[in-house]
Amino acid sequence: MDPISKMRRLECHKLQTNTSKSLLYDGFRHKIFVCRYGLPADRLWISVYEDDDETFALWHDELGIPKERIKRLGEDDNFWTSGVTGPCGPCSELYYDFHPERGTSDVDLGDDTRFIEFYNLVFMQYNKKDDGSLEPLKQKNIDTGLGLERMARILQKVPNNYETDLIFPILEKAAELANVSYALADDSTKTKLKIIGDHMRAVVYLISDGVNPSNIGRGYVVRRLIRRVVRTGRLLGVKGDGMGDLQGAFLPILAKKVIELSTNIDADVKTRSSRILEELRREELRFVLTLERGEKLLEQMLADALLNIQGTETAPCLSGKDAFILYDTYGFPVEITKEVAEERGISIDMNSFDIEMEKQRQLSQAAHDTVKLAVENGANHAEDIPDTEFLGYNTLHSKAVVEGLLVNGSPVAQVSKGGEVEILLNRTPFYAESGGQIGDNGFLYMMEAENGQKAIVEIKDVQKSMGNIFVHKGTITEGTIEVGREVEAAVDANLRQRAKVHHTATHLLQSALKRVIGQETSQAGSMVAFDRLRFDFNFHRSLQDKELEEIEGLINQWIGDGTILETKVMSLTDAKGAGAVAMFGEKYGEQVRVVEVPGVSMELCGGTHVSNTAEIRGFKIISEQGIASGIRRIEAVAGDAFIEYVLTRDNYMKQLCSTLKVKAEEVTGRVDGLLEELRLTRNEVSAARAKAAIYKASTLASRAFTIGTSKSIRLLVEFMDDIDADSLKSAAEYLVDSLKDPAAVVLGSCPGEGKVSLVVALTPGVVNLGIKAGEVIKPLAKSCGGGGGGRPNFAQAGGRKPENLLGALEEAREQLKNLLEK
């Protein structure tokens, strides 16, 4: 009997024995590796859990592995757990032996110079409880996995995973750009090339899947990897693009090789190549702008850290605050800072770094409300509440039973007039905020037995919590509402229609964007509100006016077509097969709701939509802007909000026409003319102020006094009332020319409430004495609560403490007098 037939028979036998591993044991793979891949049988070793006699016997008795090549290992190596508690079980691993000539005695499977683990079998047969005890799982299974790169390494007979044909072409390209030979390189250089190859493969696929570099979440992972590649390339000597353009970027060149290798694996990567290459180019060039300054600062910080411990037995350590400055100001991922520091034998105080990070998060985190049912004693209460049945696709009114009431997170039996309350119903027509669409507004009515009105609750928000429980947040405007009573739920039909209009318009917007700027663009977030919609998408530049016009034109054309929408529930596999667009990173169940505008868009969506595109009536983009690296945002209005927007803008135009006494088409020309008149008038006023300042300065020139021993140096320090900064500059330039070389002029003024202007002007003769205008003005500005700087011969500054100006000028006079007398 051939090996495969034997193994199939063995598998059938195990299905009859009803033990966990016998049901699912996949050890026959051993024969497949030998027969199909041509692996020498005497090079395969097996590990099993230390007391797993069943698996040991299966490998030895059924599949003929010699006992000396089956190793029993302990819990750390061969018992897999999903966490402190939960599914777990023993595992068995397959190893390939690169050096069988070393024999079978005193073998350590952890010796990676001889062995590589390439296949793993986890027998999920237990559940680990809180007390650490194990109980059998009702549904036992096996988790198997093979390392693709590891098998490639074995079959291709190369010394490591990086030199397989999956990665090595990237390493070769990086070596070419760095002008080094991988074959002749030392270990350090090879390690750097491996870092580049590994990271480049990762970032290309991540960007292809819509994960763009940023400072938060998964985007930060991408940015961190990119920046490590850039720095590693520089360490290898890659300059510019590595091909002669010193202002260019080398990551796109490496990415082309990754894309080439991916063509037969993931065709989408090639389709999205232009976006991938542009994103990498832009991210690299942006990082290079700050990298040199950051590297110099890091070198200085590390030198200081070493200097601080001289003469002590303390280990050198970089403060977390310094590491945070590098991260926050210069964009250095802390991992790179740590890597560079460790190269110098210096550690980083990560605790203080984490504190600085937390401070930043607290300052920048937008306040947002979260629904919490399990608070105080409410946890058990929440667990007793069943999922809410949603009726809102088909109706805006329904009867429901009050399953629970919460006040400040705690369950209560009733709430009276004026109380803020969260209401849990068994069924509801209210849409709960999800998928970017905000929750419905409306009312709940609880009636008397004689049909008299007893209680009214105004619902202002609906959220989902603990899976699929709808939380209706509102205020009791009349009467008292009680748990267990029936209510009439009524959604505000006007606001629901506004939300439906904006949600369908959002789908049309995504389709229009793909048609105008490229299919590779994808959604990065959205908000569907009653008064507007917001759509975030991946794109590397601002949209041109003609592109925005084309997008608006397409959407309004689709609206005018009056297309009937189709909504279906189908399996996720069928939906994707039909071409439905899914939001990257979103989790979907096995059954999904698909909303289609035939011929225009098809998306997985649980939101509410119009039945015909004609209901939208009109669409207008009101803004387009960048909100993060590689992320753009469009805000727009549709339906009633579109009509309101147009009418409001029309009223503004009518007011402008009335004020300017021109027709609507003449407004732009009239405004341009007024702006030109204003510019000319400002220039005239500025010139007049400068003349007045120069005239006043001419009256002050006589106050200059002569100091110095070897040279007669003229010094003038004066207060010039409320003269503005530009006029103060003109006055200083006039005075320094009038006083002749060598001369020094310091002027100050208070051009407005809480404002200080300062100027220091020096002739070449004074500068040649080693005195610089910037160094003179810094302490002066600091005294006045400000700062500034400039050239050696001329500096300007501002401040916010006019009350300190006269004293600061006097100090400056004495400082310069002492310097010049020397």
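For all residues, glycine too, the Cβ spot is worked out from N, Cα and C.
These figures come from a predicted structure and were not determined experimentally.
As annotated by TrEMBL, domain 'Alanyl-transfer RNA synthetases family profile' applies to 31-648.
Taken from TrEMBL, the feature Zn(2+) binding site covers His503, His507, Cys605, His609. In sequence order, Gly435, His503, His507, Arg593, Val594, Val595 constitute the residues six or more apart from Cys605 (Zn(2+) binding site) in its chain with CB-CB distances below 8 Å.
Taken together, the residues of the coiled coil (664-691) have an average pLDDT of 88. Taken from TrEMBL, the feature coiled coil applies to 664-691.
Annotation for His609 (Zn(2+) binding site): spatial neighbours Lys500, His503, Thr504, His507, Leu565, Thr567, Val595, criterion Cβ-Cβ under 8 Å with sequence separation of six or more. Excluding His503, His507, Cys605, His609 themselves, the residues of that chain whose CB lies within 8 A of the CB mean position for the Zn(2+) site are, in sequence, Lys500, Thr504, Thr506, Val528, Val595, Glu603, Gly607, Thr608.
When other Cβ atoms within 10 Å of the Cβ of His507 (Zn(2+) binding site) are tallied across all protein chains shown, the result is 25.
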